[in-house]
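*Asks:* This structure is in structure tokens; I'll ask about it shortly.
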Amino acid sequence: MTAATSNGASSYPPSTPANSSRAVNDITPSNITVKRLLGSRGIASLTIDTGPLSGQSTTQNGSAPTTVGTSTASTKPPRGAKRGRWHTLEFRFYYLVFAIAVPLMVWVPVRLSTPSNPNFYSYSGHLKPGWIAGRLRDDSDFQYRSFRDYVPALICIMGLYLLISKIFTLLPSSASARYTRLEGSSSLQPQVKTNRIPFLTVFTSAFVFALHGTNSLKLLLILVTNYALAKTLGGRRIAPGVAFAFNIGTLFAVHWNDGFEYSKISPALEFLEAFKGLLPRWQINFNITMLRLVSFALDYHWAKAEANAGGQAGRAMSEVTHEPREATYQERTRLTRHLEEYNLSSYLFYVLYPALFIAGPIMTFNDFTHQLERPTRIDTRTVVRYAIRFVISLFTMELILHFIYVNAIKDTKAWTGATPLELSMIGFWNLIIVWLKLLIPWRFFRLWAMADGVEAPENMVRCMANNYSTLGFWRSWHRSYNLWIVRYIYVPLGGAKNQIPSTLLVFTFVALWHDLSLKLLAWGWLITFFIVPEVIARKTLPYKEYGNRWWFRHIAAIGGVGNVLMMTTGNLVGFAIGTDGIKYMLEQLLGDWEGLKFMFGACATLFVGVQVMFEYREEEARRGIDRKC
């Protein structure tokens, strides 16, 4: 019954224009403690990136700062914002439910993670000595362990990069072969650049070689081939199809052949196996790289098509850069650049940029190239605050791994005899771990980029447990990937005009992009199926027609409960326990009267949770924040 649409007109709570000047009552926190802790925005201050990253009133070309396009923010409350319900009798009851349910949700998995659990010794082999309160640490997740072990080295590399980058930036500048076309002129004018370009060339080459060793040659071959195809076919109708076919085919090939070992290509090349770098399985990172290759190919194709149609590619962007403001995220992404800027050096800088190379966030070629030439002036305090967020996230994960061993329980299927409540908490906390193990690397690499003057999209907009809409969830989870999907797949397929078929194709691509497995393919199709009820509900009970009725919020909350259950099921299948595990869990939860009683109580608790999620978004709206998810 929740319907998060692109414009928010049918969703609950509704998305509202952030630039409205109509005042509403009660827009400052009435609780003095909340105001002291969180500031004038109150609880909405917990929303990440509530405004521009830049704290400067002007930038290099004399502008107001830009935002990343994941929210809109205003100092004035929007039209239609409603008075808060935080102090009503209804919400006081909800606080009581929270006071009981949340500690219980923590206590249950902690109890399962002690030797008193009969299944403890079934999974204890996955535990390693920890550093918090003498506890063992769950070390069973290979993906997160790989990142965690490299955190000290990555921090040192980031520090070295930023230090040298700053030194080179301060050195005397020299003219380079970078050009820009002045407004109203047909000639190219040289643009004076700093020594940042030669620095990036040297550091990027050393960085990629250190990561992948001689496997870098395979990566370079793919990059050059993609560049040649894009430049040859750009502007022709077949260009998008060829770009996707080449890159998807290459992605499947490198995974199917385990990265194409040199010794298997030819015995004469076996000597190249001597140094494979710190990350010898280069094909793992190629999933992210492949998205950048498609971005370059399609951005160039659209620029070339614009030129072929009689337009002047890059003219609109030139006009923006000569205005006394900084380009917005939408302008940096959507406006084409001069054809000369789609060159090999810019392409390689984009694909191999050290801060984002390993895991993203994903940027479009147009956006990155603009920021390479005109780095975003991001306020130091913003970077420091974001660094603090990263440290808090990292420490939160450490606490979970030291006190809640649900990932080890999941891996060994050590849930025999577990009650319905215990089973549900094993599933819930596994999803929290999935959320954190993705959020932490993404925030680290985005922090690196921010400190370097590059504004990449925030990948995790909301906590995993703060979602009630299937459509809104996928706009907030891996946000940069969602933006890439919308720009390069969803919109070209017809977007909202062909919503269900487009969504099916999108999630099939997403599943296969993650991994060539039946489990993830099943996940992709499940997610598509689970989106359908929300789409139908949006059309049946649109907010603009029924939103003022007293019962609408409660009906929407019931729909939100259904969405939460479906999203939980789909993501447990795709990223945690698989189809066999979810089958066992559903049998235990729905197979007898005890399980059904628990499900009734769980749904009632989720109903309360969804109501609070609604009000949190209403609070954001009162602060001029519109996340659209």
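Glycine is no exception: its Cβ is also placed from the backbone N, Cα and C atoms.
From TrEMBL, here are the annotated features:
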type	residues	note
COMPBIAS	53-75	compositional bias 'Polar residues'
REGION	1-25	region 'Disordered'
REGION	49-82	region 'Disordered'
TRANSMEM	93-110	transmembrane segment
TRANSMEM	150-171	transmembrane segment
TRANSMEM	238-256	transmembrane segment
TRANSMEM	347-365	transmembrane segment
TRANSMEM	386-406	transmembrane segment
TRANSMEM	426-445	transmembrane segment
TRANSMEM	488-514	transmembrane segment
TRANSMEM	520-537	transmembrane segment
TRANSMEM	557-578	transmembrane segment
TRANSMEM	598-616	transmembrane segment
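In the displayed structure, how are the listed features positioned relative to their neighbours?
*Replies:* Beyond the ends of the transmembrane segment (238-256), by six or more residues, the same chain brings 218, 222, 225-226, 229-230, 283, 286-287, 290, 293-294, 297-298, 301, 492, 513, 516 to within a C-beta distance below 8 angstroms of the stretch.
Long-range Cβ contacts of the transmembrane segment (347-365) within its own chain (Cβ-Cβ under 8 Å, at least 6 residues beyond either end) map to 157-158, 161, 197, 200-201, 203-204, 207-208, 211, 223, 227, 279, 285, 288-289, 291-293, 295-296, 299-300, 333, 372, 441-442, 445-446, 448-449, 452, 454, 456-459, 479-481, 483-484, 487.
Taking Cβ pairs closer than 8 Å, the transmembrane segment (488-514) reaches residues 5-6, 240, 251, 287, 290, 294-295, 298, 481, 520-521, 523-525, 527-528, 531-532, 535, 574 in its own chain, all 6 or more past its ends.
Nonlocal intrachain contacts for the transmembrane segment (598-616), taken as residues 6+ away from its ends with a CB within less than 8 angstroms of a stretch CB, comprise 12-13, 43-44, 84-86, 90-91, 94, 97-98, 101, 419-421, 424, 465-468, 553, 556-558, 560-561, 564-565, 589-590.
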*Asks:* Are there residues at least 6 beyond the ends of the transmembrane segment (150-171) whose Cβ is under 8 Å from a Cβ of it, and what are they?
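*Replies:* Apart from its flanks, the transmembrane segment (150-171) reaches 194-196, 198-199, 203, 207, 278, 354-355, 394, 444, 448, 451-452.
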*Asks:* How about long-range neighbours of the transmembrane segment (93-110): same chain, 6 or more residues beyond its ends, C-beta under 8 Å?
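*Replies:* For the transmembrane segment (93-110), the list is 403-406, 421-422, 425-426, 428-429, 605, 608, 611-612.
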